[in-house]
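Among the features that Swiss-Prot reports, region 'Disordered' is placed at 1-30. The Ca(2+) 1 binding site feature in Swiss-Prot is assigned to 52, 54, 56, 58, 63; the stated evidence is sequence analysis. According to Swiss-Prot, the feature domain 'EF-hand 2' maps to 75-110, an assignment based on sequence analysis. Here Swiss-Prot flags 88, 90, 92, 94, 99 as Ca(2+) 2 binding site, drawing on sequence analysis.
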């Protein structure tokens with residue numbers, strides 16, 4: 001309490017509500033978008049805070065490398081500096097939470113997409129040999145009730161097979177599945 005004739009202590013200013021709401025708490029709802037839940041935003045914020053070791057509400061290249069590595073992503077120096085260059089909209093040389101969220105959302109969706117494609121590949125690779133063969137395609141076509149002759153199935157393999165060994169590796173399969181147009 002202020003004594004008579006004394007001014008009360010000045011109120012501390014709060015950070016603008018870009019990452020915190022009026023009560024000073026982080027509001028994940030501000031960052032939710034299609035394909036990203038509040039829970040995922042909070043998990044990414046926890047990672048951001050964990051690696052914002054100096055508490056500046058931004059992550060520098062050294063902190064970003066540690067964050068990406070801990071989340072299971074490859075983090076070469078050249079990649080890190082390229083990420084910062086691509087995402088650093090304010091030219092600070094660092095990434096704030098909104099920029100970090102954009103990066104992680106892209107990486108998560110890339111990782112999830114690859115995992116989903118791996119599951120589909122495994123459905124075709126019935127012998128778990130790490131490749132899809134004519135025999136595998138024949139079996140899947142039969143299970144799906146498709147009537148395709150071996151020449152049609154072989155043509156499918158030939159289109160996807162990058163090294164001409166008459167087998168489709170996961171890499172071949174992934175490339176076909178993520179291709180925007182088919183020749």
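Yeah, the Cβs are placed from backbone N, Cα and C, and that goes for glycine too.
On a predicted model such as this, the values are computed, not experimentally measured, just so you know.
Shown on the structure are the features that Swiss-Prot records.
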| residue | record | contacts (Cβ under 8 Å, 6+ apart) |
| --- | --- | --- |
| 52 | Ca(2+) 1 binding site | 58, 59, 63 |
| 54 | Ca(2+) 1 binding site | 63 |
| 56 | Ca(2+) 1 binding site | 94 |
| 88 | Ca(2+) 2 binding site | 94, 95, 99 |
| 90 | Ca(2+) 2 binding site | 96 |
| 92 | Ca(2+) 2 binding site | 58 |
Key: Residue numbers, six or more beyond the limits of the domain 'EF-hand 2' (75-110), whose CB comes under 8 Å of its CB atoms   = 18-19, 31, 33, 35-36, 40-41, 44-45, 47-48, 56-61, 64-65, 67-69
Query = Residues near the Ca(2+) 2 site, 88, 90, 92, 94, 99 excluded, by Cβ within 8 Å of the Cβ center?
reply = 58, 84, 87, 89, 91, 93, 95, 96
Message = Looking only at the domain 'EF-hand 2' (75-110), what is the model's average confidence as pLDDT?
response = 84
